[in-house]
Amino acid sequence: MARHPQLRLVKALLLLGLNPVSASLQDQHCESLSLASNISGLQCNASVDLIGTCWPRSPAGQLVVRPCPAFFYGVRYNTTNNGYRECLANGSWAARVNYSECQEILNEEKKSKVHYHVAVIINYLGHCISLVALLVAFVLFLRLRSIRCLRNIIHWNLISAFILRNATWFVVQLTMSPEVHQSNVGWCRLVTAAYNYFHVTNFFWMFGEGCYLHTAIVLTYSTDRLRKWMFICIGWGVPFPIIVAWAIGKLYYDNEKCWFGKRPGVYTDYIYQGPMILVLLINFIFLFNIVRILMTKLRASTTSETIQYRKAVKATLVLLPLLGITYMLFFVNPGEDEVSRVVFIYFNSFLESFQGFFVSVFYCFLNSEVRSAIRKRWHRWQDKHSIRARVARAMSIPTSPTRVSFHSIKQSTAV
């Protein structure tokens, strides 16, 4: 074997996936790159290693830096990192080349897939928890008739809008396969339109919350003048023509992929996104005025109605940024940095999926009227069952002495 070193090199190159002919061409190319360099003294000659990296002619004692190979042995590598090789003091190259920084792009793709799958799990978990919490809140508002004022009816409708949005989200996730996207069938476009409609209703019912508080606190109108049908028109009615206009625009200008996403240069999605941003900004203005009034005029007031207004404002102050932040995140570019993209994906997935949970907590579970009504129901149920127990015991008391006396009489008769 020692007589055939060239044969060993050919076998090594073939094992590494390199053609011996191409290797000789690489040597010639590497030599040509080194011709322009003017180096005096002891030096290492231009050389191509077994991986195929060209190490140009370099002075002795220098650590030479070269980009990682773009492709080796069927695997792509990140060329932004470097490999290192030392030109020894005796004018020969070090046998070992440091490729420790060279990372497989395949690994980076695997990491991206892992983050994507985790984000999907967060989305499913958040929407499940939100849907359960929203359904519980819906049932509470349905059963507790004693608290049915206009303010709580608005809360109830907001919760209903979130339930329908979460439900259509699950329909989208379970039915929209890549094949369905490509086919662009009619039913999948209807599902997308329904999801976007309920998405818009979320914002318009939040707008209804802001309108109610602004009218009651800032404009100091009596809430008795406000009618339920006004808010139903705002929350359920106004979004409908907006989505119809969007659907017509999609049908004529972007009729593909079940109306999800958008083509470059086509702005039909702004037909419904624009009104959402507008009502969001108006709500911020409403809240600014409401907080200003509460901080000045109503600070000293301790009436129960004012306390309820304050609690409603606190809930809206928390929920509105949650709704707004998640929506505005779609317009933010997370950048090319991996950490930024991962934080963006997880943060957006969490807020997007847990919105319904936060709505049910702040507008129902922490609502003092709801909690008070539940306590009354619970005490009434306890009293009812305790009365039944007392009545049952009272009815059983007379029978016991009768049996005893009859038994004693029977015994005395027998004697």
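For all residues, glycine too, the Cβ spot is worked out from N, Cα and C.
Both Ala70 and Tyr267 are recorded in Swiss-Prot on the same side of the membrane. Here Cys54 is paired by Swiss-Prot through a disulfide bond, and of Cys30, Cys44, Cys68 its partner is Cys30. Per Swiss-Prot, the cysteine from Cys188, Cys211, Cys233 that shares a disulfide bond with Cys258 is Cys188. Of the cysteines Cys68, Cys128, Cys149, only one is given by Swiss-Prot as the disulfide partner of Cys102: Cys68. For the annotation N-linked glycosylation site, the record in Swiss-Prot points to Asn98 among the listed residues Asn90, Asn98. When the disulfide-bonded residues Cys44, Cys188, Cys258 are compared by the number of other C-beta atoms lying within 10 angstroms of their own C-beta, Cys188 comes out lowest. In sequence order, Gln43, Cys44, Ser58, Pro59, Ala60, Gly61, Gln62, Leu63, Val64, Trp93, Ala94 constitute the residues six or more apart from Cys87 (disulfide bond) in its chain with CB-CB distances below 8 Å.
For the transmembrane segment (339-368), the neighbouring stretch richest in Cβ pairs under 8 Å, chosen from 150-174, 226-253, 270-295, is 150-174. The shortest Cα-Cα distance between Cys54 (disulfide bond) and any of the disulfide-bonded residues Cys68, Cys102, Cys188, Cys258 is the one to Cys68. A distance of 16 Å separates the Cα atom of Cys68 (disulfide bond) from that of Cys30 (disulfide bond).
Checked against Cys30 (disulfide bond) by C-alpha proximity, the disulfide-bonded residues Cys102, Cys188, Cys258 yield Cys102 as the nearest. The average per-residue pLDDT of the prediction over the region 'Important for antagonist binding' (280-290) is 84, rounded to a whole number.
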